[in-house]
Each structure stands twice: as structure tokens, then as C-alpha cells.
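> Below are the C-alpha cells for one structure; questions will follow.
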């Protein structure tokens, strides 16, 4: 046991390795400074340091704090001030240029026209065309013959105009379309505002079949319900109707007299009864007397027997009829006979023996 121990003075037995522990040589430790407690700092300096760490420099005024950052911030602010000074210098140069710039005087854009548009109307000055060339049928602008359009207020080529029109074809078509729409709307408005609900057709003209003049009030078939704006006023209807009635009676009498005049010239066949009253024979003799009278001088062939034309003085017939006071007397129509004209009423109206008309 003693030989196996680490200590002992005996020899090391065979087969056993001996281990010797040698001491490690190390450098002596360096002297460390003595630990000093931190110096007490003032609260204002500490707040400035914290503010410098959290400042994002987003405002116009830079953040100032103590230490090394203060110099950097001061340098940065100085550089910014230099930039601001450069901007103000540029603005000053711009103002000087604007003050020294010469105002451009507008001129007519037609080639060969150097008229300044300084004392003309604002319209010509704005569109850069003088008054003479604005109305000219053709001018040369940019090497092409053009014309100034009064509605577009600019130049067009001559192919866009119709004949000597001052406005282009496209603008004229739009203008005409707007006029047609306005006229149609006005006509519809007038028709809806009519007291009898009767629309006005054809751009203000009366409907087809009605007279277009004031003589429409003379119609005997017109009534107060059918009166429109184209007819006569109400106070004159009675007087006009009376005049129209007299005129119609005169025309009827003239037609009957002319028919009797030609029937007397061609006597009926032998054996055919005339069926006329004695008064009609008197009228026939009166017509024969008129035929025997020579035509007035200067009458020409119009009043000859060969011409077959008769001119009646309707006013004379109307006056004579009104003065005699003997109206026409209706006579029953003749019955239809074999070989004769069915429904022929030659004696439907027989004039009075005392009534007459002047045949010229």
C-alpha cells in the first residue's frame, strides 16, 4: 500500500507509470484601476441627451442638445440655411426676368398680314385674326387656303364649307336641327294650349281644307265651336255671314239665269212640253230682247253669240232682286219621262216676272 501511494520515498514499481504534476507558469495580473463611482449628472443635460436620441428632424427647427451631436446639428442646419439662401436667389432671378420680359403683342395669323391686334376687339385678339380676314371668303394660313368659321372661331379648309357660307357644314347642320326641334316643340305647346284642344299643324298653318285668310269666317257651314285663331273675331261674324249669304244667293241666281239664257237659245223639240209658267215665257221674251240688242262698243268677240260666253253683273242682279222684293218661287220638279233626262229639274227655280238681271 505504501508503494502505490503518491507520496513515499520508495521506488516506483515496474509497470506503473508515474505522473508528475508540474506547476503552471502564469503572468502576473495587470493592475486594475480602482473603481470610481459615476459622477452625478444634472437632470437638464440628461434630458437633452435623451431628446437627441429620439429626435427625427422632421420639423423646420432642428433639435439642439449638448455634446458632440450639437456640432453636427449645427453644421446640418447651416447647410440647410445655405440651401434656403439658394432658393431665395432663384426666386429673385425669376422675378427679375418676369419684370424685364417684353409682353408679346398678338398678330393676325394669316400669311402676309402683319397687323397688330392691340387696339381691336377682344374676340379678334383672342383668336388671332383681324376683322378683314375674319370675313374674307378665302385666306392662306400655314400654306393652305382656308376660311374662318364664325361658329367654331377657327380656320377650316374650304372643303368644309357650302358655297359662300361663313359657318362650316357640321355646325350649320347642328344649328338647323336645333331650330327644327324648337319649332316642333313650340307647335306642340300651342296645340296643347288651344282652348278647344285643336293642335296647329304645319308650323302654324291651318289644317288642310280650311281657308288661310280672314274670308274663312264667311263660310255658311262654320259654327262658333269650330272657330279658330285663323277665323274672324266674334263681333264681325254676323255681318260677314250676312254678306256671304247675299253673295251666295247672287251666285245662285246668276247660274240659273245663265242656264235659262242658253236653254232659250236652243228651243226644245216639237211636241215636247216646256212646263214653264207664263212668267217664265215673259222672262224668255226679255232674254230675246236682250239678244236683239247689239253688243256695246269695245266688247270684242267675247260678247258675240258664237263665243258662247255670258258675263253677268252680279251686283246689279243682287240689287235688282233686293229692290223688287220678289224672291224665287220653288216649283216641283218634273217627273222622269221615257227617253228624257231623268232627274232634270230645269224649272226648280223660276224667277219672278218683275225680277231681272243685266246681261252684258
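The backbone N, Cα and C atoms fix where each Cβ goes, and this holds for glycine too.
Below, the features straight out of Swiss-Prot:
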BINDING   108, 113, 130, 133  Zn(2+) 1 binding site
COMPBIAS  74-89  compositional bias 'Gly residues'
COMPBIAS  172-182  compositional bias 'Basic residues'
REGION    74-98  region 'Disordered'
REGION    172-196  region 'Disordered'
REGION    261-306  region 'Disordered'
REGION    320-360  region 'Disordered'
ZN_FING   105-182  zinc finger
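Tell me about the surroundings of these features in the structure.
The Cβ of residue 113 (Zn(2+) 1 binding site) lies under 8 Å from the Cβ of 107, 130, 133, each of which sits 6+ residues away along the same chain.
With helix defined as DSSP H, G or I and strand as E or B, the compositional bias 'Basic residues' (172-182) counts 11 helix, 0 strand, 0 coil.
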> In three-state terms from DSSP, label residue 133 (Zn(2+) 1 binding site) for me.
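Where residue 133 (Zn(2+) 1 binding site) sits, the three-state DSSP reduction gives helix.
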> Identify all same-chain residues not among 108, 113, 130, 133 whose C-beta atom falls within 8 angstroms of the centroid of the Zn(2+) 1 site's C-beta atoms; report them in sequence order.
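Once 108, 113, 130, 133 are set aside, the remaining close residues are 107, 109, 110, 115, 129, 132, 134, 139.
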